[in-house]
Structure formats: structure tokens, C-alpha cells
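Inspection log for the structure reproduced underneath, given as C-alpha cells.
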Amino acid sequence: MNTQYLIIGSGGHARVLLDTLRCLGLPVAACSDNNPDRVGQTVGGVPIIAETGLASGFPAQTTMLVNSVGGVKDMTPRRRVFEHFKSLGYRFATLVHPTAFVAADVLLEEGVQVMAGAMVITGARIGANTIINTRSSVDHDCVIGAHCHLAPGTTLSGTVTVGDGCLLGTGASIIQGIRIGERCVVGAGAAVVRDIPAGVTATGVPARIR
């Protein structure tokens, strides 16, 4: 049986992912949403179905999921979606937009999304369910944890380590060798020049813990 693709969520990132899937020539059957007001509408011509009915119409054996749940301040909702559907036996698609560059030896784990114009350079490792968003740059030998979001225009120099569940805001810059702990938020436009411990928010130039 042919694999069908289903996007979890129906918001802005879902539309971007729909475009990416179409650029890759992959068939998108539907988007799902747990908001009843959205069910029955469409996104880019694709129907929105109730998330509760997903299992009956889209069996795990023939369905590849795409997680469009993002994160503005907290990556927990995205992680929960991934873990919930994994527990039901579903798989998540790993996507690389045709205009992105990913070096041949880069490791992309399940559900990673590398969006348009992004670059992931040699030796890097990207954890499961992480978004490398539009025109972000991950340089050599960086290690990015699971369930992270590198927002558009984020720049990581070489050998940066980012823990699980981090959000790096639009245009943030991280110099070489920096370590960022789990569940951190780095504000938009911040310049990180020192290590950041787990569970904090850092903003500004240079970035300071709030």
C-alpha cells in the first residue's frame, strides 16, 4: 500500500510544511486539528479532519505524520504530540526542503524538519522532532537535541551543543563551542557568547539570563 502523509495541526507552520511536501512530490491526504471549529475547513486545498478520528481513517502502517505544532515560549506541546503518536505506533517524516543544504554525513533523526534555505554543515547531529527553520544555519559538528526549534535566521557556529526542548528565537546567533542546556529560550536577535544553563531564558547582545 502507498504511504500517505498527514499533517498534525492546521496553522501557519502547517501551511509551510504543506508547501514543502508538495515541493518534494509527497502526497498530503489531510491536516488534523483538535479544534472543532477548524474541522471541515481546508488548508491549501487539503481537508482538515478531527484529530480524534485519525486512527480509524489513517492507520499507522500506511501513514507518515508531519508535526506542525511549533513553539513560541515552550516546546512541550510539540514534544507531547510526537510522543503521543509514537506511542500509538505512528512514524514521523523527516523532511528536507529542496532549497536547503544538508551535508552527506549529517545525522537527522526521526521527524526533523529542515526548511527552505537552511544549511546544516558536516558532522552535525539533529535530534528527533526538531525544526531547523527558514534560512537557519547549523555549522560543523553542532549537536542539537530533540524537540527544539531554531527559528528563522538562527545562526550556530561550529561545535555548538543545544539541549532538548530549546527554542532559539529569530535571528539569534551562537558563537563557536557554546553549550545551551535543556529547555532554554534564547530571545530573538540575541548573541550568545557564554554557556547557558538549563531551563532559563537569555536575551540581548550579549545574551544575559533574565
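Cβ coordinates are placed from backbone N, Cα and C, and glycine is handled just like the others.
What TrEMBL says about this protein:
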type: ACT_SITE; residues: HIS140; note: active site, proton acceptor
type: BINDING; residues: HIS149; note: acetyl-CoA binding site
type: DOMAIN; residues: 6-70; note: domain 'PglD N-terminal'
type: SITE; residues: ASP141; note: site 'Increases basicity of active site His'
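Distribution of TrEMBL features across the structure.
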residue : record                                       : Cβ neighbours (10 Å)
HIS140  : active site, proton acceptor                 : 17
ASP141  : site 'Increases basicity of active site His' : 16
HIS149  : acetyl-CoA binding site                      : 24
Averaged over the domain 'PglD N-terminal' (6-70), the pLDDT of the predicted model comes to 92
Between the residue listed as 'acetyl-CoA binding site' and HIS140 (active site, proton acceptor): CA-CA distance (Å)
18
Between HIS149 (acetyl-CoA binding site) and ASP141 (site 'Increases basicity of active site His'), what C-alpha distance do you get in Å?
18
DSSP-derived structure type at HIS149 (acetyl-CoA binding site), helix or strand or else coil:
strand
